[in-house]
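Asks: I have a structure I would like to understand better, so I am pasting it below and will then ask my questions one at a time.
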Amino acid sequence: MYSAAAASPPRRDFISVTLSPEEAVGVGGYNNSKAWRRRSCWRKWKQLSRLQRSIILFLFAFLAVCGVVSFTSMGEPWKSLTNKSSDEQRTEPEIPALKLVNPAVLPAPQKADANAGDYPELSPQKQPKMPHIRRSPSNLQIKPPRRDVRLKTRHATSKIVEELVQADKEEKTEKSVISWRGAVIEPDQSTEPPSSKIKESEKPSSLEAEGQKEPVPINERQMAVIEAFRHAWKGYKDFAWGHDELKPLSKSYSEWFGLGLTLIDALDTMWILGLKEEFEEARIWVANDLVFDKNVDVNLFESTIRILGGLLSTYHLSGDSLFLEKAKDIGNRLMPAFKTPSKIPYSDVNIGRGTAHPPRWTSDSTVAEVTSIQLEFRELSRLTGDEKFQKAVDEVMKHVHTLSGKNDGLVPMFINTNSGQFTHLGVYTLGARADSYYEYLLKQWIQGGKKENELLEDYMRAIEGVKKHLLQRSQPKKLTFVGELAHGHFSAKMDHLVCFLPGTLALGAHNGLTADHMKLAEALIETCYQMYEQVETGLSPEIVHFNLHAQKGHKDVEIKPADRHNLLRPETVESLFYMYRFTGDKKYQDWGWEILQNFNKYTRVPTGGYTSINNVQNPSNPEPRDKMESFFLGETLKYMFLLFSDDVDLINLDKFVFNTEAHPLPIWVPA
């Protein structure tokens, strides 16, 4: 660099040219021709300095870009407006919805009424029963919205004054126990490999539809679910942000894996509910703070269904590749669990060290845990083109298919990771440790396009085994329930977890299985509802025992003191969603509405969040436990919102299959 003051003045040379008038304008003089005007404009352009010409060119380019962007942004709304007939404009009710320039994959909910009063008390809806029809594949669009629109979209519902819940009990110390999806437990078929041609950058476009219909208006009950979610999210954001679970009474948090379980579990719920502002806040945390390279043991099953499943589902709904990259990371870190002599995976994995091991007290894994990770790993293989994920979980299903020790399709609860054989033979249940094995038999068959016959055979055989060995009727209302079998002795014990079964049976019937599965589903969902209805708070306990003999003054349901807690579980609401979606019977919506009202009455914490309770039989003092499970946001409220919707294309069940944590994944070959 040099100083400008020290430089010599620039030399300037001039030339003088004299032209005659004829020469100046050409032969014949000025004639206003196009050729003459073009030469004149070109001379004027050349007379401009290089800087002036650059500025003019830049302005023209800038205006052209602005024109293209404006045309792209305004094209769709203008087209939709011009295509709408005048008759439709006169008859269509006004929907106070936020109109997006590029519609989101799932439509945002309509604006809430700005009521400053109490929580809305709504009378049950009594509408004509819809006929049972087989619905065609949806036109739900899975095309990812433009990222700039996603960032700017904000849900405009007004803030509702929050209802207070009495929560004045002291925090109780819980005993050290092992958890099956939150339950208190004392310690004691394959498809073709995915094509390698699938690239990692593949977008979820296989389910993309040609168009997207107008969004169905959000109703009052759905708005109540949105308000409940926001209240729960407020507690988590204020007192447990980035941690696994909220402790709403003590305004603190608890850690299980230290991976933000509640936040990840709730991602696709926020997207479905249209809570884009909350979703974007959570996305920023995932991008900046979700790190899997840490020295921590995680449970293979729980981290698969909650974290891997949640990330894959959110990727499909939002189209944001961030979630796929995170899913690939955690998927790879879970693979050491399959390095066992039998290929039956260990229950625990250290995702930082890359090591895996069984529980400290046994070399067994639970059957449900090793057979309820398939949907997620299979989908990860499909998206990445890496066969190792699907091969690992398919080997497990092949092995279990060939094992002895089953009882008419019913499986024991434990399997040894060294020998690969069932252990603790003779005990059969559809509750904890076995439940989702049966669920994933059907759902893998659906996910893979109904081609894997071994999965279907095992599922059908198991349901026949349930009918033969586990079904009984209670007294006095003759409720059909699913009990347990231990070494030939029947027990009238039924976990709330078993209430997944009506929805699973209905899903199978919807996909062409025998009609008596739907009849059984209708009987069982009535029983699951009675597990709420016959209890003082209107909330189900964790476990019930049914009376097999009529006794004066006794109900069908009996509750033992150790079983009377409620963990905000989703299984009954899940089955209510399936039953309403497939039958259109409004009573299922009414039952779900009763449950939501009772959650608000007995489990809602004034400062934010909801809490599990210890005593569903004491309305005056339900004994809050000071814990909000991640599945309350990931499953319970999501299924509530879907139950109250009349839009069959809001997660269409001919295009999606839910994993056991309510995360929707695409069906590979839609029906």
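Every residue, even glycine, has its Cβ placed from backbone N, Cα and C.
Copied straight from TrEMBL:
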ACT_SITE  Glu302  active site, proton donor
ACT_SITE  Asp435  active site
ACT_SITE  Glu542  active site, proton donor
ACT_SITE  Glu571  active site
BINDING   Thr660  Ca(2+) binding site
DISULFID  Cys499-Cys528  disulfide bond
REGION    110-148  region 'Disordered'
REGION    176-217  region 'Disordered'
Asks: How far is it from Glu302 (active site, proton donor) to the residue listed as 'Ca(2+) binding site', counting Cα to Cα, in Å?
Replies: 10
Asks: Would you mind checking how many other C-beta atoms are within 10 angstroms of the C-beta on Cys528 (disulfide bond)?
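Replies: Excluding its own Cβ, the number within 10 Å is 28.
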Asks: Looking at the recorded positions Asp435, Glu542, Glu571, Thr660, which ones sit with their CA no more than 10 Å from the CA of Cys528 (disulfide bond)?
Replies: Glu571
Asks: Between Glu542 (active site, proton donor) and Cys499 (disulfide bond), what C-alpha distance do you get in Å?
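Replies: Counting only the Cα atoms, the answer is 11 Å.
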Asks: Between Asp435 (active site) and Cys499 (disulfide bond), what C-alpha distance do you get in Å?
Replies: 10
Asks: At a 10 Å cut-off from the C-beta of Glu571 (active site), count the other C-beta atoms across all protein chains.
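Replies: There are 25 such Cβ atoms around Glu571 (active site).
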Asks: Test of understanding: give the count of other CB atoms lying within 10 angstroms of the CB of Glu302 (active site, proton donor).
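Replies: Other Cβ atoms within 10 Å of Glu302 (active site, proton donor): 21.
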